[in-house]
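For reference, the structure is listed below as structure tokens.
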């Protein structure tokens, strides 16, 4: 046997020696080795061999010969041009796929961007306020018998007291809500959001004063500042050109106020909404609730010094209330301004103004990501499915010297191109759809094309998405081995498992969204149709203002006579979201079972007008003298109130209670009715009968189908009695519906998005089905020749996909159940999650995907086998 | 014109290649050199010198045909070029002139 030189040494030589020198050097060495073996023996020859090889470790032998031919740089303009050309050709060659890919991605991007804008907008609230980060609102956590309640209002004297005692505070402002009628000469306006504020209000929140002196405005008692919008209503469109400062505006027809300024309209992105500002000074002088520690009427805002530790300040502040108001253990809390818009959840309607809800923002973020993911999956699926068509190209490129890295770059570049197209189409669509989206979301937004930040974000998004979409195709396609793909040995099923996983994920997400939307809509239906305990149909209210209150009874009598009106009742509330609460005393009350009770004052026609029923006892009657006595009251309570006081409805009758300092007895118990939104339990309620006190509304029940006539009648009579007052009215039904505006809006948006997700997912499925049908075209041809029916071929092609959707159903159901359940827990009165919702969602998903797939399958099955089998 | 310069080892290698004629390649040059001069030379130094001589234009080389005995690897054969021959002649001439200029006594002394 021939002795071999040491293999390791040979390997070493091969590694370091330049390839063009290697052959003859190694040859010489081997020859020499054989000669030496004969001369000095194997062992020494081997040593020598090692020694010789080490001798070749010189730059001369290591240095590689520069190649004779110039290598083409992978990113040279020529190559880039080639990549681009190939990409465009591929796009045009597979028009259907390109269209599906780009449309799907564009729709996904539109949804995602729209949601992004929405969420961005929600987070932009109040950012314009100077020292935004240092601004806080003081809130209270009140302890009551039924639990802890967060309220956003604080006593009027709190702000100056805190400012005085804490050097950390730089600025404070109080904001209270008020209402009333304003009149200038013949024009009367009822502002929607009248606010009572300190002089520091404008500078504190950075609102601009358009007319007037910002230094002195709102500092004397009889001033008024109005917004641009109100100014326009009083003085016409050209108010800017007129000298309007100093004009007298009457408040509730009695108090003259001097117009001292015009403020800009409240910004849309501000939790503070106002159209009229009144000076706090006046209320401080005239309204005892404003300087009383015992009543909470004002939002207190403060700014602290930037270098202060907020947590430490918060702790000092917490127990401060008892230092001002003896025995008041209620803790004070700080709510950062940044949280006010999205994280406010206060009880008893103490937080007026504009609010978002972080839960819905979160739902939207999730939905946006889902839509985007589904679109991305489509893209990835279709690109990998079509990989077979690109395999030859990869083979050729590799054999003429393309490196894997340049192939990866090429495919990444292609997805960048596709994504750019999709993003372009998406932005165009977004711009077109913006008015529609604004209507849906109730916001005023525009695509911020001019903002550099938006541009940067778009570029980032583009790169990120093309990175994601290109990731799998780039690595998958570039991994092909040129020898096998060029020979045509190619596993056509490769990547199928991955694609199936993506399809299942897509449908899981779509089905979850469908179930979520159906559940949300059913809950909305439920709360809007739930029996409230009174008849809200054909029920409208007319507001009584100023003087009209005294004439309420006259008005009521006149109205009752109209044939279009069934009955009229004077009340203090409109039955919508009533929150006027107080404590009540009764026999057998202990501090432990104390509770707050919501009250309203009505007249004897209340039950008739609202259709409420009694569980026990009798209605009020003007005929019974004791019912209207000044010394002694009569009350109706609801069942919940009776239960809380420890009585059955029957036992409650005749029991003595003391409410608002007036002793009285219970003459009847009302069946429970909903006077708050459905996410709140029915609480105790008391109905008073005090005809001598003011009423604020007339509740009017019109006769069926006579609503329009009734409105005309009311307007006519109102005008006769109150020529100076505006006639303002509303439908109880509509106001009740408005309480669920956020839910309705979310429902609509979710509906849109879930339809879109299903659409995008089906688009992907359609693409995949087309692809499969194309691939199996010969098989189908042969099957047809052998006598397969169209139905059997359709089934053959569809069943794989339907299987995936079925699996997706199985995964989606528990997820959807969990999510929906979680959301429904917020509602005190809610639907059960029923099995048929799942069945409907499942069948919908299967049905739609079957339609999508079978369209292609039938098309393939109908094809003439002669055509598909003729050519090879 | 730059004067050609041959180092001592280069001169010997060049001469050996000239002696070997058509059969001059790495292994033969090494073995010939060892037999003729009796000095052990590293394989790599022979290769380096051959290459350097080729770069200087004294040698030309071409790859031979595949050979069975060394795993099919080809040999690189070297041949002295015209410039190489002239260089050798020059060296020889310089030597002979120098030898001729040597006084006969000195030579005898050395030989003694």
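Cβ atoms are placed via backbone N, Cα and C, with glycine included.
Pulled from TrEMBL:
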DOMAIN    A:98-317  domain 'MacB-like periplasmic core'
TRANSMEM  A:99-120  transmembrane segment
TRANSMEM  A:360-380  transmembrane segment
DOMAIN    A:365-479  domain 'ABC3 transporter permease C-terminal'
TRANSMEM  A:411-433  transmembrane segment
TRANSMEM  A:453-480  transmembrane segment
TRANSMEM  A:501-521  transmembrane segment
DOMAIN    A:510-676  domain 'MacB-like periplasmic core'
TRANSMEM  A:748-773  transmembrane segment
DOMAIN    A:752-865  domain 'ABC3 transporter permease C-terminal'
TRANSMEM  A:801-820  transmembrane segment
TRANSMEM  A:835-858  transmembrane segment
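Here the transmembrane segment (A:360-380) has long-range neighbours at 100-101, 104-105, 107-109, 111-112, 115-116, 118-119, 122-123, 342, 415, 418, 465, 468-469, 471-473, 502-503, 505-506, 509-510, 513, 742, 746, 749-750, 753-754, 756-757, 760-761, 763-764, 767, 823, meaning same-chain residues at least 6 beyond its ends whose C-beta is under 8 angstroms from one of its own.
Note on the transmembrane segment (A:748-773): residues 96-97, 100-101, 103-104, 107-108, 111, 115, 363-364, 367-368, 370-371, 374-375, 377-378, 381-382, 385-386, 440-441, 499, 503, 506-507, 509-510, 513-514, 516-517, 520-521, 780, 797-798, 800-801, 844-845, 848-849, 852-853, 855-857, 859-860 of its chain, located 6 or more positions outside it, place their CB under 8 angstroms from a CB of the stretch. By the Cβ criterion (under 8 Å, sequence separation of 6 or more), the transmembrane segment (A:453-480) is in contact with the transmembrane segment (A:411-433), since 3+ such pairs are found.
Long-range Cβ contacts of the transmembrane segment (A:501-521) within its own chain (Cβ-Cβ under 8 Å, at least 6 residues beyond either end) map to 367, 370, 373-374, 377-378, 380-381, 743, 746-747, 750-751, 753-754, 757-758, 761, 764-765, 768, 801, 804-805, 807-809, 811-813, 815-817, 819-820, 823-824, 831, 833, 837-838, 840-842, 844-845, 849.
Here the transmembrane segment (A:411-433) has Cβ contacts under 8 Å with residues 83-84, 87, 90-91, 98, 101-103, 105-110, 113-114, 379, 383, 447, 458, 461-463, 465-467, 469-470, 473-474, 477-478 of the same chain, all six or more residues outside its ends. Here the domain 'MacB-like periplasmic core' (A:98-317) returns a mean pLDDT of 87 for the predicted model. Outside the transmembrane segment (A:835-858), and at least 6 residues removed from its termini, the chain residues within Cβ reach (under 8 Å) are 507, 510-511, 514-515, 518-519, 522, 758, 761-762, 765-766, 769-770, 772-773, 790, 793-794, 796-798, 801-802, 805-806, 808-809, 812-813, 816-817.
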